[in-house]
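Asker: Pasting a structure below so you can have a look.
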């Protein structure tokens with residue numbers, strides 16, 4: 001179960017509210033690279049963890065719980081960046097003051113409206129669980145496969161795209177408070193990348209491959225499990241680590257195979273009577 | 001651009017059609033661990049690839065193109081497994097014959113109907129781009145971040161959950177033809193895991209970390225970038241590779257930090273007039 | 001604006017409630033071939049209609065309004081089919097009586113539960129705006145392009161897949177009341193197919209093509225606008241009405257063209273500095 | 001920020017694992033009436049709260065944090081109910097033992113497979129953030145309008161449908177452990193209904209209406225703001241508290257109004273040239 | 001069944017078309033607070049209504065039918081606001097005339113394009129069933145639980161967020177015609193809030209609680225059904241109507257309880273063989 | 001199975017990158033009228049085709065394969081249009097140079113940011129499988145009904161809305177390279193419209209109707225299958241090809257019917273005990 005402290009994990013300050021930056025920050029809340037995703041992903045991996053030891057369940061809970069605080073920080077940052085935005089278009093000074101200065105032009109009001117309408121209309125100037133285009137986060141992005149090694153790679157993937165996003169936001173930020181918040185979050189993304197890679201290392205690296213390593217590899221085709229398949233019509237292909245030498249898992253040798261049909265043309269035959277296909281598909285005359 | 005051969009990459013045969021297995025195979029077509037996902041993910045990574053060399057674009061195209069053939073094989077397998085299913089409930093022998101034998105019970109017809117209605121009703125007994133619960137695939141699962149290392153980890157994640165799924169389907173399969181098809185696809189998943197890990201190795205492994213490695217790490221907080229944050233109320237935590245020793249990227253030392261609020265309680269203040277908040281939020285009396 | 005009569009457009013009766021059939025009927029309510037779709041599609045086409053005459057707006061309103069009544073009939077049919085289903089598993093006779101008779105087997109209760117849980121849990125035995133797999137209808141399926149000919153083909157498509165679905169439901173129905181309701185709805189689908197085709201005829205058939213016919217065809221490539229493109233690696237292709245003879249619009253001659261690259265390999269070049277790509281993509285050394 | 005204790009808020013025990021009940025419990029996790037919804041809704045309402053006092057933000061945080069623990073309990077309950085389910089179809093005793101006993105019939109295996117395939121295939125027998133039909137939770141269901149009274153009604157609505165669902169699950173439960181868990185959660189739903197109603201009372205009940213009460217009611221039409229509009233063609237209507245007497249907010253008098261068009265037929269006129277409408281819509285001849 | 005009159009319920013006029021306002025109005029059509037939602041919600045509640053009297057079914061039909069007319073008015077308003085928008089960028093005067101005047105700046109054309117592309121590209125300047133960010137309405141927002149009291153609170157919630165949205169649109173409107181249309185719709189929202197609250201009053205207010213009132217409250221935990229649970233680490237909490245005094249339903253006494261684990265750490269144990277977990281989770285050596 | 005050539009089907013060149021046009025092009029990639037849709041639709045129709053001859057399967061494969069190349073061209077076009085866009089806001093010259101020139105104003109930077117944030121943040125300046133509003137493509141739009149005539153109308157509908165979109169993009173394009181690419185794609189849309197209409201002609205036009213033509217028309221109601229139903233309250237209706245004369249399929253005569261209730265008011269009766277309805281719905285007193 002869970003507890004809270006109403007203070008934030010790390011300070012969130014914003015000197016120069018920028019409503020467009022608020023919109024960008026939404027990607028880090030409700031985007032597929034965002035914090036709701038990692039938070040819920042770690043929780044579901046923890047809650048469903050089956051293993052002889054509760055060690056990974058425990059570890060996942062620590063980090064999932066930390067991530068709630070990251071959503072909270074970002075939601076606060078969005079609200080602060082909207083702070084000086086006009087709550088309505090009639091409000092005095094809507095296109096002036098700080099916002100006007102930031103925008104620097106006569107069409108400021110409309111540019112803001114064009115970007116912000118959803119925040120004005122639906123939330124009263126607060127964060128939403130949506131991405132920077134207003135698309136709601138969809139929980140199908142919570143990857144929890146029941147295989148801990150697969151899950152760890154999902155987590156590395158999430159933290160890698162997450163840190164890429166966070167550094168882009170850092171590059172886009174003008175406000176010192178925002179930069180400070182992000183430089184903390186980027187550091188946490190570094191650790192989280194490391195953390196999941198550390199688990200993979202602990203799981204034995206090569207020995208963990210191919211995932212799942214509980215499936216006898218003898219049951220998979222031995223003919224093509226380390227072949228790079230070439231599908232170009234002219235048979236050319238780019239050479240690389242993947243075309244020769246020992247495989248990464250140390251269990252095979254990379255080779256190159258020019259892809260070609262080993263199967264036949266599939267023929268499903270006529271449609272079934274009573275299947276409401278067209279009569280010609282069934283091989284009948286049209287019904288009367 | 002693209003070409004096709006109407007034959008299949010690998011034989012797809014099914015001796016004992018099993019409509020319930022058809023439903024399961026749908027997860028490998030339209031599930032988030034499925035083949036539409038990897039196919040489209042590799043294509044979009046290829047088409048958007050920016051690099052001094054077209055090498056990775058090229059490689060991605062080979063494998064993306066191969067994956068179209070995998071969707072095709074699975075779609076064929078679904079159709080074949082539905083082959084002896086009743087196209088309608090009036091059809092003679094609906095609950096008998098092969099299907100009845102497979103199902104082995106009087107309520108066979110209803111069990112089939114309960115599971116298959118969507119396939120009967122919407123496709124005339126063919127595959128759909130949906131998962132095994134009938135949920136349509138959503139293209140937000142195509143991860144293509146513009147950072148090749150992040151994308152490779154996304155690909156390893158996709159092929160890991162994909163191979164976990166394929167082995168579960170193999171374990172669920174009774175038909176020899178299905179097992180043969182899957183033992184080929186599992187082998188290809190092995191290679192694809194290896195292939196993306198080979199790129200990561202080529203990108204320098206440690207040197208690639210933290211992702212993105214083009215962002216000066218000096219800009220991230222140096223205080224907490226290799227700290228495991230403990231969020232348990234009693235301060236206990238599970239020890240592991242992630243709590244001490246050199247970090248995986250060789251650039252830091254894992255330590256443990258007991259999480260506590262470094263920020264303050266965020267106070268957004270009263271709602272704006274004209275924001276259609278409740279009067280009490282604005283600090284006004286109700287309007288008349 | 002709109003009015004209602006609390007009676008149904010056509011009688012909906014059900015002698016032998018069948019909870020599994022209720023589930024199937026959902027496809028005709030919230031499936032992409034269903035009645036919510038056509039109802040809302042005709043409304044949005046009407047409301048946005050721009051033309052020198054209000055004629056098509058008017059006609060669309062008549063049929064859109066009729067379709068509300070079809071959703072109503074189907075929703076009623078779902079409720080009636082659930083009528084004797086157990087509201088909970090504790091309820092006396094849950095697996096017996098009519099339901100048991102219909103199901104005819106000891107595992108009846110679980111089969112019903114397996115299929116009906118959502119209806120039991122979420123609606124108290126009523127219809128929902130979801131398809132037969134429980135997937136909610138998504139309004140992106142409302143096609144209204146602003147081009148009346150394109151919209152009419154969308155409508156023919158909707159009524160064709162709709163009538164295919166309705167006939168499959170008819171084939172699946174055992175109850176005389178359900179068959180009667182469906183034989184009425186299938187007749188309406190016939191008329192609606194005809195109706196949209198009649199508009200296309202009124203729009204001039206050949207003269208309406210290619211859609212939109214307001215775009216000067218001289219602006220499109222004259223080299224390939226009536227060519228069937230062959231993409232098979234061996235150049236074989238199926239002959240048909242589409243490979244020779246005058247085109248359907250009477251404006252060209254069908255020919256066959258073997259597809260080949262006319263463009264070059266696209267090279268996007270290195271990633272931009274500050275784009276959070278991997279250093280190698282930018283052509284830099286990893287940052288420190 | 002947040003803390004956790006790895007123990008559960010309330011005991012979750014399951015004597016007789018029932019995989020079908022696991023599926024039902026999913027509705028309480030990822031259904032629109034479920035716990036992810038209330039948890040995230042309260043969090044986003046708290047984080048975006050604008051008011052002269054942090055009181056409601058505080059209160060919302062307490063309950064949002066409690067709700068994480070409810071998702072955790074349900075996720076644990078799902079895993080326990082799947083505990084004896086076959087992990088694969090080859091596994092010894094798949095259709096026997098406890099599962100077989102629960103199912104009580106020869107087609108047990110297929111009924112389980114039909115219901116459980118997604119859990120077997122995608123999670124390795126754990127909970128997912130999806131509803132009982134496998135539809136992923138979509139964050140658009142997080143209602144946080146920036147108006148505290150509107151939000152409180154959203155919360156009452158969520159806890160009312162939530163308690164309805166929980167009692168249906170209680171009625172469906174056979175296992176004593178499950179009943180015990182649910183009897184605790186139902187009690188919490190009672191309190192949460194009460195809690196949000198208490199806030200509404202504190203906000204002044206009548207004085208809070210109509211929501212938002214910061215919009216001068218003088219600006220709304222005075223002609224129809226307390227009229228029940230009758231849309232039946234024959235003008236009949238059901239009498240009730242809403243057709244006469246003082247309005248609930250004490251600011252008006254309920255009356256009945258027979259709806260009729262006050263506006264005109266909207267005529268949008270011809271389509272714009274260059275808008276790719278059909279030529280007839282523009283009032284032109286087809287282009288050549 | 002249903003009828004229509006091609007005139008509008010209330011006049012919709014627009015003197016100064018504003019394409020950005022068109023975009024905002026979309027939120028009231030296809031947003032979760034919008035008119036499609038209430039229309040369809042009331043219809044599905046009516047069609048599935050089970051009660052000894054048809055009274056509530058009747059009433060719901062009146063208002064659902066009225067709401068179709070509201071979608072129609074808003075769709076008309078969107079079209080009128082797009083009326084002077086450029087249908088394409090080549091169209092003469094695209095950035096000039098009324099639009100230019102409204103926008104008042106050199107980058108007008110691009111600002112319009114940036115905001116309007118979807119309306120230009122997909123509809124030929126008409127309304128769509130999407131929100132102001134272009135996200136299609138999803139029918140999972142149709143709440144119809146089978147419990148009339150729960151449904152009434154869902155309706156109050158819908159009309160409260162709906163009126164909040166409508167007043168924000170009113171505040172954003174510049175055009176007198178738009179203000180007039182909205183001042184009518186806001187009045188209808190007032191009545192609809194009142195109407196559902198009147199039903200709740202008719203259902204007995206206190207006697208209706210807790211919802212569902214047909215579930216014997218004796219079956220819920222008596223220990224915590226009127227306790228405010230405190231989850232702050234330091235045990236502090238905000239006092240309010242919800243921490244002491246009689247409960248709103250008059251059946252209990254509010255008290256405060258400091259939340260703490262009553263359950264134990266859940267231990268799911270090792271993964272099942274054949275479940276495609278990682279070998280370490282099963283407690284085996286990696287397969288060969 | 002499939003092959004690729006790394007060159008494009010047709011040249012894609014862009015002299016004057018326009019980031020806003022990139023956003024518009026997204027509609028042709030991931031919009032419901034776009035290329036992913038037709039590509040996947042033709043593939044699934046091919047893979048599930050049941051007929052006495054593989055002819056239509058073959059033909060569909062040719063065109064589906066061609067369409068992959070169209071997605072590729074558009075994805076390349078998006079990347080090229082983003083080529084000179086700022087990768088971050090700090091990047092030198094972000095608001096200057098080509099972009100500044102195109103935008104022509106001081107608020108250029110913000111207008112770009114407002115429109116492009118998602119492309120900057122999530123892809124590093126590349127195409128995504130989303131529409132021009134950033135909404136991901138949803139595979140429920142892949143229509144494949146198992147009835148070839150219904151599918152052909154779905155294809156005509158797709159290519160009609162697709163060509164409408166492409167001509168709107170052509171009208172919006174300023175760059176000669178973009179116009180050239182589009183004039184090729186528009187020509188292909190022409191052919192694809194023709195191609196599916198040619199199949200319909202081959203299927204016998206009138207003989208194909210009503211779809212499905214395998215369902216004995218004698219089973220549908222003979223009373224209303226060629227009646228235009230009038231739903232206006234005053235009985236007026238627009239005359240047209242659909243109100244009199246022989247039906248399009250030559251099997252009936254169009255007539256007009258004034259719609260009126262043929263059914264009765266549906267009465268579902270009281271809610272079931274144990275269904276968690278409100279006590280009043282069951283006809284009981286509230287439980288204690």
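From the backbone N, Cα and C atoms, a Cβ is placed for every residue, glycine too.
TrEMBL labels come from automatic prediction, so no person has curated them.
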Asker: Per TrEMBL, which of F:159, F:239, F:253 sits in the Mn(2+) site along with F:35, F:67, F:70, F:192?
Answerer: F:159
Asker: Checking interface proximity: list the binding-site residues among F:35, F:67, F:70, F:192 whose CB sits under 8 Å from a chain C CB, in sequence order.
Answerer: none
Asker: Using the alpha carbons only, what distance in Å do you get between residue F:70 (Mn(2+) binding site) and residue F:58 (Ca(2+) binding site) once rounded?
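Answerer: Residue F:58 (Ca(2+) binding site) has its Cα 19 Å from the Cα of residue F:70 (Mn(2+) binding site).
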Asker: If you measure from the Cα of residue F:232 (Ca(2+) binding site), which of the binding-site residues F:35, F:67, F:159, F:192 is the nearest?
Answerer: F:159
Asker: Can you name the far-off residues of the same chain, 6+ from the ends of the region 'Disordered' (F:259-288), with a Cβ under 8 Å from a Cβ of it?
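Answerer: Those are 229-231, in sequence order.
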Asker: Cβ-Cβ under 8 Å from residue F:58 (Ca(2+) binding site), same chain, 6 or more residues apart: which ones?
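Answerer: Non-local contacts for residue F:58 (Ca(2+) binding site): F:46.
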Asker: Going by DSSP, how much of the region 'Disordered' (F:259-288) is helix, how much is strand and how much is coil, in residues?
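Answerer: The composition, in the requested order, is 4 helix, 0 strand, 26 coil.
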Asker: Write out which of the listed binding-site residues, namely F:67, F:159, F:232, lie with a C-beta under 8 A from a C-beta of chain E, sequence order kept, or 'none'.
Answerer: F:232
Asker: Out of the binding-site residues F:58, F:67, F:70, F:159, F:192, which are near chain B, with a C-beta less than 8 A away from one of its C-betas?
Answerer: F:58
Asker: Please identify, from the binding-site residues F:35, F:159, the residue with the sparsest Cβ neighbourhood, meaning fewest other Cβ atoms within 10 angstroms.
Answerer: F:35
Asker: How many other Cβ atoms are found within 10 Å of the Cβ atom of residue F:232 (Ca(2+) binding site), counting all protein chains shown?
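Answerer: Around the Cβ of residue F:232 (Ca(2+) binding site), 19 other Cβ atoms lie within 10 Å.
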Asker: Centre the Cβ atoms of F:35, F:67, F:70, F:159, F:192, go out 8 Å, and tell me which other residues of that chain have a Cβ in range of the Mn(2+) site.
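Answerer: Surrounding the site, in chain order, are F:38, F:39, F:63, F:66, F:158, F:162, F:185, F:188, F:189.
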Asker: Translate the DSSP assignment of residue F:232 (Ca(2+) binding site) into the three-state scheme.
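Answerer: The three-state answer is strand.
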Asker: May I ask which residues of the same chain, at least 6 positions away in sequence, place their Cβ under 8 angstroms from the Cβ of residue F:192 (Mn(2+) binding site)?
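Answerer: Sequence-distant Cβ neighbours: F:38, F:63, F:155, F:159, F:162.
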